[in-house]
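Undergrad: There's a structure below that I have some questions on.
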Amino acid sequence: MTILNMKDLDLQGKRVLIREDLNVPVSDGVVTSDARLRASLPTIKLALEKGAAVMVMSHLGRPTEGEFNAEFSMQPVVDYLTKALDCPVRLAADYLDGIEVAVGEVVVFENVRFNLGEKKNDEALAKKMAALCDVYVMDAFGTAHRAQASTHGVGLHAPIACAGPLLAGELEALGKALDNPARPMVAIVGGSKVSTKLTVLESLSTKVDQLVVGGGIANTFVAAAGHKVGKSLYEADLIEEAQRLVANAQSRGGDIPVPTDVVVAGEFSPTATATLKDVSDVSDTDMIFDIGPDSAEALAEIIKNAGTVVWNGPVGVFEFDQFGEGTKRIAQAIAESNAFSIAGGGDTLAAVDKYGIADKVSYISTGGGAFLEFLEGKELPAVAMLESRGQ
């Protein structure tokens, strides 16, 4: 993979345009979760240290394209960066026809989705963005799976297009986990639906030594094994698909283990009473919300012996503590394991935070959809663009 890296370039006196993923939650004009902003700081600081005039752009939320909407303004991000960078940071609303930026200054462009043509990767818009810079830096792994004007088109037309340290680090870590993994390799795929993760399950099942399913996905596999799932969330039309995945895994000497014990309740609520049952004892009125302690220990043992662990999705409704023990045990096992571990996806990162294991995970991926598409083996448009420009 030949991709230029920003850290290897001479940026002295250069106009550097960085595409970050600064799509953070904002409430009453204040950023409420700054994880993505913190992740972007080293790249912005490095560009400043290298003597660049720095421009930063991102989307924020889902405004109607082509229309200004104060609710989705980048102003709260600018306020945050002003404090975090300890240097002048200004917001620019009108920049497409040219903007003056001084060396040592940071200018944040207003929400890129206020520009008509952003999502469609409009060539005229991309060329205007490209004309603003000497070097374009793609550093937003979270949007690398989208071919849009600010993530893809601009890079085709900029004088130089390179990856930022955050994106480069992400690709390196994911490559290490998927291209040449330390064995045995274990993938834990949770979440509510098999249908949304089917291609991920198929792709991973051919790469890993052990595939583990959790959450609503596991319920479909429980049903596929011939057990009742009561009123649990599951997909009856994908039972044959689940059986095929299990058969494929077994034909390669692996398996997709089904929980032996589960935690059930009669309703989905934070006050629901949790009851532990053997998987064969689930009644018609039960809803499965977590794996039981025996199943959790069996998975912890698999993780303990792994060389590589990829974690995408919780194994239970961990938002409610009485259904969080399974996910908590998985998190602890990953934290205690010597394996190279990667965690990605919004719910997974919330679990990593809740159980305080962030510093024990080898790599935490900033991408949601991009992380999944990488696991599926799909080519990410922004990465393909950087490769074509790196030749």
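Glycine residues also receive a Cβ, built from the backbone N, Cα and C atoms like all the rest.
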Undergrad: For the ATP site that Swiss-Prot lists with LYS197, GLY345, GLY346, ASP347, THR348, give the additional residue from the candidates GLU170, GLU172, GLU319, GLU379.
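TA: Candidate in the recorded ATP site: GLU319.
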Undergrad: Do you know which of ARG90, ARG113, ARG183 Swiss-Prot groups with ASP21, LEU22, ASN23, ARG36, HIS59, LEU60, GLY61, ARG62, ARG146 in the substrate site?
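TA: So, going by the record in Swiss-Prot, that would be ARG113.
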Undergrad: Please give me the CB contact count at 10 A for LYS197 (ATP binding site), counting all chains in the structure.
TA: 24
Undergrad: By the count of other Cβ atoms within 10 Å, pick out the sparsest of the binding-site residues HIS59, ARG113.
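TA: Taking HIS59, ARG113 as the binding-site residues, the minimal 10 Å Cβ count falls on ARG113.
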Undergrad: Including all protein chains shown, what's the count of other C-beta atoms within 10 A of the C-beta of GLY346 (ATP binding site)?
TA: 11
Undergrad: Long-range neighbours only, meaning 6 or more apart in sequence with Cβ under 8 Å: which ones does ASP347 (ATP binding site) have?
TA: GLY190, GLY191, GLY313, PRO314
Undergrad: State the Cα to Cα distance, in Å, between ASN23 (substrate binding site) and LYS197 (ATP binding site), rounded to an integer.
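TA: Computed Cα spacing between ASN23 (substrate binding site) and LYS197 (ATP binding site) is 24 Å.
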